[in-house]
Amino acid sequence: MTRGFSFSLPVMVVVSAIAFVYFCTVFVFTDRWFGLMTSPGIMNAVAYTAVAVMCVLNYVFAIFMDPGRVPSTFLPDIEDSKVPIHEIKRKGGDLRYCQKCSHFKPPRAHHCRVCKICVLRMDHHCTWINNCVGHANYKVLLVGSLTNDSQNDKQQSADSFRILYVISGLLLVPLSMALSGLLGWHIYLILQNKTTIEYHEGVRATWLEERAGNAYKHPYDLGAYDNLTTVLGSNIICWICPTSKHIGNGLRFRTAYDGLPVTSTSK
C-alpha cells in the first residue's frame with residue numbers, strides 16, 4: 001500500500017545530497033582516478049551506480065510505503081486463547097483506545113501526531129523520509145558508500161576540484177557516522193525484537209519490576225534468530241531486499257508467552 005507525497009524540505013535536502021555525491025563520485029572522482037572510459041573506470045562507475053540505485057529505491061520505498069494503518073474494524077478479542085498478551089492503559093487498566101482515530105489499538109500500535117493515524121508496530125516518525133517507520137515499511141535498508149582519496153595530490157592543491165573533495169567529505173563523513181550509528185541501534189532493536197518506543201517503555205518497566213523485586217522480560221523477545229526472522233523474513237537471501245510478504249497483518253505478533261495463560265501489559 002502506498003501513500004501520497006507532500007513537499008518536505010528534509011527530503012529535498014537528502015535527495016540533493018545523494019545527487020551531488022553521485023555526480024562527484026562518478027563524473028569527477030572516478031574520471032580523474034581511472035578515466036571514465038577505461039575498463040577500471042567503467043567497472044567502478046557501474047558498481048557505484050548499482051549501489052546508488054539500490055539506495056534511491058529503498059529511500060523511495062521508505063517515503064511512499066504506508067507504514068501500516070490500524071483497520072477501523074479492529075476489535076480486540078480478550079477471550080482468544082491464541083493472543084496471550086493484551087496491552088492495557090497504565091491508568092484504569094482499560095484496553096487501549098485511540099480517541100483521535102476512534103478505534104482500539106492493537107498490540108504495539110501507537111498514534112502518530114504528525115501523520116494523524118494509528119501506526120501498526122510503530123517505531124518512530126522520521127523527518128528525513130516524511131513518514132512513520134512502522135510495521136509495513138520497517139524493513140528498508142539504506143546502504144551507504146564512502147570513498148577516500150588516499151593519494152598525496154600536492155601538485156593540484158590549488159585545483160578547482162579541491163572544493164568538491166571538501167564538500168563531499170563534509171557530506172559523507174557525518175552522514176556515514178550518523179547512518180552507522182543508526183544501523184547499529186536498529187540491529188540492537190531487531191535482535192531484541194523491540195521498536196524505539198518499546199525500548200523507552202522497557203526502561204521504565206524494568207525499573208518498576210526491579211522495585212517490586214521481579215525481573216522484566218520483553219514479551220516479544222523470541223531469541224536473537226527468531227527475532228531476526230520475524231522482522232527480516234526466514235529467507236536470508238531476501239534480508240537485504242525491501243520485501244514485506246512475511247510480516248503478516250500487524251494485528252498479532254508472536255510472543256514469548258504463546259501457549260501460556262492470557263496476561264496483560266500496561267502501556
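Positions of Cβ are set from backbone N, Cα and C atoms, glycine also.
Taken straight from TrEMBL:
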type     : residues : note
TRANSMEM : 7-29     : transmembrane segment
TRANSMEM : 41-64    : transmembrane segment
DOMAIN   : 94-142   : domain 'Palmitoyltransferase DHHC'
TRANSMEM : 163-188  : transmembrane segment
Query: Can you find at least 3 Cβ pairs under 8 Å between the transmembrane segment (41-64) and the transmembrane segment (7-29), where each pair is 6 or more residues apart in sequence?
result: yes
Task: Within the domain 'Palmitoyltransferase DHHC' (94-142) only, compute the mean pLDDT.
output: 88
